[in-house]
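**Student:** Quick paste of what TrEMBL says about this protein:
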TRANSMEM  12-30  transmembrane segment
TRANSMEM  42-62  transmembrane segment
TRANSMEM  74-92  transmembrane segment
TRANSMEM  104-129  transmembrane segment
TRANSMEM  141-162  transmembrane segment
TRANSMEM  182-202  transmembrane segment
TRANSMEM  214-235  transmembrane segment
TRANSMEM  241-264  transmembrane segment
TRANSMEM  285-303  transmembrane segment
TRANSMEM  315-337  transmembrane segment
TRANSMEM  349-368  transmembrane segment
Amino acid sequence: MSEENVLGPRLRVVLGLAGALCGVSAWLLFDVYAQGQLAPRLHLFLALFFGVFFGAFLISVGPLRLARAALSSLALAAVVASLVWWASFRFADPRDLFASTETLLAVVLLSTLPLPFLIAAGLPGAGWHDYPALFTQSWSIVVRYASAWLFVAVVWAVLFLSDQLFLLVGITLLSHLISTDWLAYVLTGLSLGIGLSVVDELSDYVSPFLILRLLRVIMPVVTLVVAVFLAALPFQGLSNLFGQISVAGTLLAMAVAAATLVTAALDRDDDEAVRSKPMQFSIQLLALMLPALALLGGWAIWLRVAEHGLTPPRIGGLTGAGLLLLYGLSYAVSVLRRGRWGARIRRDNRVLALVVIAVAGLWLTPLFNADAITAANRVARYQRAATPPGAVDLYYLKTRLGHAGTEALATLRAIAARPEQKALAERFADLDAGRLGPGAKVPADIADLRARLTRDLAVRPKGEGANLKAQILSTRSVWQLKLWAEACTRTLPSGQPGCVLLVGDFLPDSPGQEALLLTRDNAGRLRIDGFAHRSEGGALMRVNGARQLLPGAKAPSSVAVIEAVLAGKTSLSPARVQALDIGGLQLMVQP
């Protein structure tokens, strides 16, 4: 018997009080004791503990008895809070742990994915591994919380509108109540608890049925989109796919959507699953294509890793791609074996959910410390000459990777002390002087600025344009040189300075070579400064640098442009411009 049936009308009181206590806890932790009254690590532990406990308890009380829901929620909260507390020792300031979105995602997964298992374990006649119960509870949690938070939004909307109405007649009582911090927290928690209790009471009407049916409608469309994409890929080529982290994210997000749609269409058992032949074919085709999406997404990230090294986001992306590949392979094998392929996918879903929970937990332990892995990789890449001294991002190691980054810096500093490591020693001198990273100090003296840019401003193609670079630096003002020097301190994801001088014969009718100096401004936009000789032996002039997007092409980011130039992935080609020739005068539309 569920607690909903035992408590009856008292369910609203129980969940309302629990929600109000949740609000009080949030007020104490985030307002009263948020300004240093508690040790940061203890504050983090308590915030995670109470947050996970109340989040699990409020959603478990309906299906489970009160005591069982409380014990299950306490156990989950203790595990999550303890793992986060343990992981926080990677940083001097424990709050830096959540500077990584991958860690935040791991905590969210670890806090939510076990809930269906805990609820199913307490249901009479079911068990923690009972798939129909797991499926029903998983989608029920989503629907119940979404409905309850919608109710909270409605409550606050009514309060604000009522306050505005009262103000028209000079009544300010509601304004004072709304602006009281503790009351706002308590009211939000109370509304959430009451909203959940109402949803529990109306479980026959508020169910995942509608969402699951809508997802079934979307599934054939997604199957068609993925099929067209994979079919067109060999003809379009992979140049616009591999090596771009944003594309990898799109592929992996589509893989998550595909796995979700397959699971939704198969429902809790064969009796509830889709039965029409076209829909079953659509499920099977989508399941067979899922490994390709995961593999392409993972390969795109791996190419970035091979070129620039590991980072916590790339490690998280590779981990996600690996998990999605496991899902895809298990789905594909189940479909290819025919027979009861739907039942096998449901069984695999249960096992793979446990794998995801385990990986999320490992992410918070020393066994899977992405910061330490990244720091070790940065040192190893430099030692095997995969990263030149000028591209070693010492500021990143110092500020983003916690104690692991500090240890890596100590290792590199010891290497820099060797006589043959003068370039790395200069890089450390810049770090110690505050000349690396955002807000880096830029010299004000023009001689220092020229020396700085002579060192940091890379020229491509390599070995060319040294004289042209010297001419540019010798003829520019302090203001211009300072802008370029500041741009060079905005390092790229690869760790290289965010500036490059591209030399080439851009104007065939002009003498000598021309140059384009590419940088990024404070907003991340690409800035192009052009330089050319207007006459043989004439002075170097500044000219406008222009850009033109080819038809059907997608504009690359400023980071992608500069990285491509630094990697030598460029070629000269005629501009796609037609001019009207009138007696030596050309008229054209400037792109």
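Using the three backbone atoms N, Cα and C, a Cβ is placed for every residue, glycine included.
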**Student:** May I ask for the residues of the chain that lie six or more residues beyond the transmembrane segment (42-62) and have a Cβ under 8 Å from a Cβ within it?
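**Tutor:** For the transmembrane segment (42-62), the far contacts come to 2-4, 11, 14-15, 18-19, 21-22, 25-26, 29-30, 33-34, 68-70, 72-74, 76-78, 80-82, 84-85, 88, 94-95, 97, 107, 111, 115, 118-119, 122, 141, 144-145, 189, 192-193, 196-197, 199-200, 203.
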**Student:** Of the stretches 74-92, 104-129, 141-162, which racks up the most C-beta pairs under 8 Å with the transmembrane segment (349-368)?
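**Tutor:** Counting Cβ pairs under 8 Å, the winner is 104-129.
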**Student:** Under 8 Å, at least three CB pairs between the transmembrane segment (214-235) and the transmembrane segment (141-162) (pairs 6 or more apart)?
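**Tutor:** No, these stretches are not in contact.
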**Student:** Could you pull out which residues elsewhere in the chain have a CB under 8 Å from any CB of the transmembrane segment (74-92), counting only those six or more residues past its ends?
**Tutor:** 41, 44-46, 48-53, 56, 103, 107, 110-111, 114-115, 118, 361, 364-365, 369, 371-372, 402-404
